[in-house]
Amino acid sequence: MTIPVSTDAQGRLTVGGVAASELAREFGTPLYAYDVGVIRANIRAYRAAFAAHKVDYTVSYAAKAFATVAMFQVAASEGAHLDVVSGGEIVTAQQAGVNMAHVSFNGNNKSDEELQLALDAGLGTVIVDNHFELERLNELAARKGVVQDVLLRIAPDVSAHTHEYIMTGQADSKFGFDVASGQAQAAVKDTQAATHLNLLGLHAHIGSQIFAVDGFVAEAQKLVDLVRQWDYAPQVLDLGGGFGIQYTDADTPIPPTEFVDALVGTISTGFADTDWTMPAIWIEPGRSIVGPAGITLYTAGGTKQIPGVRTYQTVDGGMGDNIRPALYQAEYEAVLADRPHAETTQVVTLAGKYCESGDILVDRAALPPVVPGDILAVLATGAYGYSMASHYNRNPLPAVVFCEDGEAQVVVRRETWADLLAFDQPYQHH
């Protein structure tokens, strides 16, 4: 195990001062458990990195990583804004009591219903992805009699070192206005001419789970070069997110200060010899705020030993609560909740309960002996676990608990069999 974990006097894994095995006993498994103190510390680290530079900045939590009412409340309490990508995330923010002026709305195919919801809710910024959306939003804002602040999302043609499904900044991307064809520059002019849109600046996002600053420097430099080339002085440059976290010993995360220093330095230098005001810098971290803060707890089932091939250790969850290994070949580490530092004596494949051969949570998990009923913890599952969960095989979704200062609180209740059936309607054949 390479990921640092917290333990109590008995050597048990703890989350926010609560023993993980006690959480499993009280709330059942599978269970998503978050250390709220870690969430707070991660937001504060980004804000402190910017504050050291005396620049105008916004840290917007990328809601898609983990979107619940409680999470939005914690983010807002730490001074983070929110970046949402759907109507569902907008209504979650409303339910959380978030200041909607601090919410930005991303996405490549926002429906009219979602755009109207954003206007009615008073969202601070809509990040416009294409010309069709630009025209629709201007028309809807005109009908409502408001002027909506917008950023334009640019595809900066910067390839990040990451999985192809989570690379979003290259020219061949479904996201953003293309630069080389002239679409991006035309969009700036069209937005400036739009009667009910106010162009604040540009947005870009190059990918996810990135461990080097060079891609972010290239992205920032590209935006600086573009606005100078277009003679357009932006009030805001939003660099998106994508800051990597540690899932295994192969991952080497960079502290927020390094990313922020590089971004601020590149943009400051780019504007130094102009008479333009230095723009505000916005970023949208998601995974790096919640990923390390969350674990998933499972109850061990039986084992299947195939001599000379592998040993399967089954658990009571799987791809329904964490699709990332199946979708991205994502790797995780697992520990025994009551003995996280015990000597490992075997390498097993942690397999889920779903009827799918690819339902593997950890392909090679180094563990001590495991007996049925033991509580296993998969580490660093706080991002894109709950938010990508499904009802595959008609399994109810797990509960989510927040732990802080030795106290645990359910923030999303476990679904019941009745919940699973709640939306089904019987077929009426006439």
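The backbone N, Cα and C atoms fix where each Cβ goes, and this holds for glycine too.
According to TrEMBL, the protein carries these features:
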ACT_SITE  Cys355  active site, proton donor
BINDING   Gly242, Glu284, Pro285, Gly286, Arg287, Tyr384  pyridoxal 5'-phosphate binding site
BINDING   Arg287, Arg324, Tyr328, Glu356, Tyr384  substrate binding site
DOMAIN    39-290  domain 'Orn/DAP/Arg decarboxylase 2 N-terminal'
MOD_RES   Lys64  N6-(pyridoxal phosphate)lysine
Problem - Lowest local Cβ density among Lys64, Arg287, which the record lists as recorded positions, within 10 Å - result: Lys64
Fill in the blank from the handout: Taking every pair from Gly242, Glu284, Pro285, Gly286, Arg287, Tyr384, which the record gives as binding pyridoxal 5'-phosphate, the longest CA to CA distance in angstrom is 15
Completion exercise
binding-site residues Gly242, Arg287, Tyr384 vs Tyr328 (substrate binding site), shortest C-alpha separation belongs to Tyr384
Practice task
Filter the recorded positions Lys64, Gly242, Glu284, Gly286, Cys355, Tyr384 down to those whose C-alpha lies within 10 angstroms of the C-alpha of Arg324 (substrate binding site); answer none if the list is empty.
Solution key: Tyr384
Completion exercise
Within 10 Å, the Cβ with the most other Cβ atoms among the binding-site residues Tyr328, Tyr384 is that of Tyr384
Exercise for the section: Work through the recorded positions one by one (Gly242, Pro285, Gly286, Arg324, Cys355) and point out the residue whose CB has the fewest other CB atoms within 10 angstroms. Expected result: Cys355
Completion exercise
If you measure between the CA atoms of Tyr384 (pyridoxal 5'-phosphate binding site) and Glu356 (substrate binding site) and round to the nearest Å, you get 20
Exercise for the section: Express the distance between the Cα positions of Glu356 (substrate binding site) and Lys64 (N6-(pyridoxal phosphate)lysine) as a whole number of Å. Expected result: 26
